[in-house]
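Q: Take a look at the following structure, please.
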């Protein structure tokens, strides 16, 4: 009888472990793809609405959107150690993992331009400030959190102004597989307003003299097609946001189950396996940019991600 109970208990523990592991892997897969959908939809919608290119670059460059939803989900579940471990592990992984891999695949001598050096100096200053605050034990207070959030806002504004002025080159999207889609989409949309404007001007003149019904119908169809595209991008943006929220919640919950099952702290689990899994896109971008000889993009991706993590995620704790 005792052996039967032991066997049932072992089977239950094994099933629970397999279930938690499968949930973790599936939620990670959904998280990465929903992040790509969210960023791509945001960029395309901004193009269609003729929003500034600076805004699009800031939304898609060095942004740890998947980290944001994982951290928020962990905090909602009252697991600040898991959130903090994920942030610190991701920062370490971006430098020792992504940046190192990018340097490793460089074929020649690496030469960093002025923009990359500015990025590195900013990251050094932010990291030093956070470490000093952490050493004083004041990182959890609201004033420090407000200062870090303000610093993030200043960083975003400064980078946006620099990109607009042409001082810095806008870094590539964290999900590099969406670059071709965004570029082709932007080139298509850049011509559409001109066509619409040209057709509208012609139509106004023709209406005064007696407009051609066929051209009016064609213009109306083009406007309706543009509206349908905007609605479609909005729908995909909403779906991506919902998928991100659900994936972050499930990933955080399954991480807690795995940490408890392996009898390790949530901070250690977040700083190791969870942070390694959620920084895979950054490592991919680093390797590709390094192999293609773009050290500026390599630095911008690493620095942008870490500043995003240190200034925006540490205060949420």
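Every residue gets a Cβ built from N, Cα and C, even glycine.
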Q: Can you identify, from 119-137, 176-194, the stretch that TrEMBL calls transmembrane segment?
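A: Range annotated as transmembrane segment by TrEMBL: 119-137.
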Q: Among 39-82, 171-214, find the range that TrEMBL records as region 'Disordered'.
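A: Going through 39-82, 171-214 one by one, TrEMBL flags 171-214 as region 'Disordered'.
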Q: Looking at the candidate ranges 143-164, 231-252, report the one that TrEMBL labels transmembrane segment.
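A: Among 143-164, 231-252, the range TrEMBL annotates as transmembrane segment is 143-164.
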Q: Excluding the flanking five residues on each side, which residues at least 6 beyond the ends of the transmembrane segment (82-107) place their CB within less than 8 Å of a CB in that stretch?
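A: For the transmembrane segment (82-107), the list is 64, 67, 70-71, 74-75, 252, 255-256, 259, 265-272, 274-276, 278-279, 282-283, 285-287, 289-291, 293, 295, 298-299, 301-302, 305-306, 309-310, 313-314, 316-317.
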Q: Below 8 angstroms Cβ to Cβ, which residues of this chain, lying six or more residues outside the transmembrane segment (16-34), approach it?
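A: For the transmembrane segment (16-34), the sequence-distant neighbours (Cβ-Cβ under 8 Å, at least 6 residues beyond its ends) are 66, 69-70, 240, 243-244, 246-248, 250-251, 253-255, 257-258, 261, 277-278, 280-281.
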